[in-house]
């Protein structure tokens, strides 16, 4: 019997930005990077108005936690870069 | 004919300015470089003579305690913590007030290196690229070392020995690629030296093998060279066996294992060999192997110049041994740079990236900016050379 991976551990994050442009930038920066194990973990990035919306789907809690924390680390870098370096 | 002025500087300026970001290992480097727009660059292979001006070159190293290596996760955290501050400082030093107007291109290391640290810097690079609306170039780290070395030393077409913590390669240019003539089959030379340093519990800063070099200088009896395996395999070399062997010797030395006849006199039990003798022997043995394959590559491509780049390249003993070899060859020359350019830095990424940009090889398509741990030197199309 083929075992199917059910991506039934989900999490949605909404991160507000000061404006639409910044939220768009965040999506463009995050989107290109491939997921190492697409059968275990999925991420979707969207911007809705001023917000960055990230949807995670994963096979278990552990994979979800690791994946989410790595994306949050990247988001932190993006926010700091925008804060400090836009029109320096 | 190569036209290095294929893409002209932005806003009608008569010079190019590039920002370079490097973070493939434990060093985070940010550099700003300026190339004047020169008429002679319109036709001809003059990529080693850009008349570069270095406007900023700053670096922050993630330092671990002696006896410990750097782990990808912690190194990435270090880079994330410092990246923005370093970029800001570099721009300030270079006197760049409005990056969106004053910069032509942003260059970052796309590989090879550790995945997580590379990625953390790429994220920052993409963000500023969008904020300031400036194209990106993903640079091969090895090519960065080669181009900076050529620019600094003015070596037009050298055989390149690239020796660092993660790489050991002998490279020569041919047909639009930097071809790998020989390389390590297992660990890099800097890794070999660093791991031995870890066994000796001495620090790895500022560059791989630096502290081993200092201990080796203290070796009192250079004639009584400790014999180590010599493992050149054709044009390649292997170093893991040498490391395992010398680590066993070092451990026996620390334990005072008098049964080891290499270290202790069989009759009196007196210690014959010290830590500095081991360091000296390791250096001599490894460097002799490097010199051998470099010389063979020179004979192959009929070159009389050697350029030594990479973190281990600051080692004065290696430069001296290479010099002796070149001295025996007709018109042989060794080119090496000092620690500012040998050790990973942002300027070299800016230099190689700017050459790529000037040939029209920059991108705004972020799917081409995904970092990669494995990125061979010969994968890069070297458009800026004949």
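Even glycines carry a Cβ here, placed using N, Cα and C.
Keep in mind that TrEMBL annotations are predicted by a computer and have not been checked by a curator.
The feature domain 'Gcp-like' is assigned by TrEMBL to B:58-350. For B:141, B:145, B:162, B:344, the entry in TrEMBL reads divalent metal cation binding site. Feature annotation from TrEMBL assigns substrate binding site to B:162, B:163, B:164, B:165, B:166, B:194, B:209, B:213, B:315.
Here the features listed in TrEMBL are placed on the structure.
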{"residue": "B:141", "record": "divalent metal cation binding site", "Cβ contacts under 8 Å, 6 or more apart": "B:22, B:24, B:109, B:111, B:112, B:113, B:167, B:344, B:349, B:375"}
{"residue": "B:145", "record": "divalent metal cation binding site", "Cβ contacts under 8 Å, 6 or more apart": "B:162, B:164, B:309, B:310, B:348"}
{"residue": "B:166", "record": "substrate binding site", "Cβ contacts under 8 Å, 6 or more apart": "B:24, B:25, B:112, B:113, B:188, B:190, B:191"}
{"residue": "B:209", "record": "substrate binding site", "Cβ contacts under 8 Å, 6 or more apart": "B:189, B:190, B:193, B:194, B:197, B:283, B:311, B:312, B:315"}
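The subset of binding-site residues B:162, B:164, B:209 lying near chain A, with Cβ atoms under 8 Å apart, is empty. Largest CA to CA distance in the substrate binding set (B:162, B:163, B:164, B:165, B:166, B:194, B:209, B:213, B:315): 18 Å, whole number. According to DSSP, residue B:166 (substrate binding site) sits in a coil region rather than a helix or strand. Within 8 A of the CB centroid of the divalent metal cation site residues B:141, B:145, B:162, B:344, the other residues of that chain are B:24, B:142, B:144, B:146, B:164, B:167, B:309, B:310, B:311, B:348. Residue B:141 (divalent metal cation binding site) carries a helical DSSP state (H, G or I). Residues belonging to the domain 'Gcp-like' (B:58-350) score a mean pLDDT of 95 in the model. Cβ neighbours within 10 Å of residue B:164 (substrate binding site), excluding its own Cβ and spanning all shown chains: 27.
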